[in-house]
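The structure appears right after this line, and notes come after that.
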Protein chains: 2
Amino acid sequence: MTDQTMTIRQMCEDFDVTPRTLRFYEAKELLFPQREGQKRLYGKRDRARLKLILRGKRFGFSLEEIRQLLDLYYMNDSQATQLRETYVLAEKHLADMKAQRAELDEAIAELQTQMDWGRSRLAQIDPQQAKAS
Amino acid sequence: MTDQTMTIRQMCEDFDVTPRTLRFYEAKELLFPQREGQKRLYGKRDRARLKLILRGKRFGFSLEEIRQLLDLYYMNDSQATQLRETYVLAEKHLADMKAQRAELDEAIAELQTQMDWGRSRLAQIDPQQAKAS
DNA sequence: CGTCACGTTTACGTACACGTCATCTTTTCT
DNA sequence: AGAAAAGATGACGTGTACGTAAACGTGACG
């Protein structure tokens, strides 16, 4: 684990995942760490990719969708022919995320309304412990 | 399907789910439609609950988490003892959603940056078809 | 009266995202 | 050197969220 690369353990601790998960992502071609003999060595690129993978998961994208999106972030010059295609895909995902944000805002507002109601109910029942928002 | 109630088909069309899904949610105690003989009849309450279920799913909550959250929205007076407990749970979910929104904002910003870069690349390669944002 | 369309239950099947052994090298510590 | 720790591969298991097929009931329609 010279230089900028790290072992699987280190990665697991940094990102709070298991070795199994990292090997699984590799099998699904979302990560491709270098090998030093048998051992996997994760570099800067892998860390950046993993960050995006985990983020994508939190937003409900499947690993397969994420795999395709990673192409946008790690496009090289020789893949210029696929650039437009990838760009269109990215537009869809961006629209998805914006829609999700709008819905999320609405959901937050509604839940907060419910909680205001709940808090007033609590205040009636149990006046001494009422909290502020 | 008198009055304010509707059949399973109608529900499926309105919410774009399958009958299997609705029965599954019922088995998991997220929905409890009335019965007219054998047949399920979905009322206003069920529709509101289903809306929340589908929303929760889009935000990455499991059905079990959603089931617990539904208690907040459909709390009745006799469950006042559980109100505080439910309130605390709701606070966690609200915090979750706010964190998710923050991350989502970041992700949107980053993706947009990437797309700006991609668009400029496209413009170089293929000047006539360049689009605006 | 038959035959659909719609609904029900029960049961098995499936895709996804890993968890959990078992077994085997390869390092690393003492 | 010997044991423990870390890493690898392969295979099978697991939880979630349904899909799908079989077998049956039941009201509506030509």
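The backbone N, Cα and C atoms fix where each Cβ goes, glycine too.
A TrEMBL annotation is a machine prediction, not a hand-curated record.
What TrEMBL annotates here:
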DOMAIN    A:5-72  domain 'HTH merR-type'
COILED    A:87-114  coiled coil
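The residues of the domain 'HTH merR-type' (A:5-72), classed with DSSP into helix (H, G, I), strand (E, B) and coil, number 42 helix, 8 strand, 18 coil.
Per-residue pLDDT, averaged over the coiled coil (A:87-114), rounds to 92.
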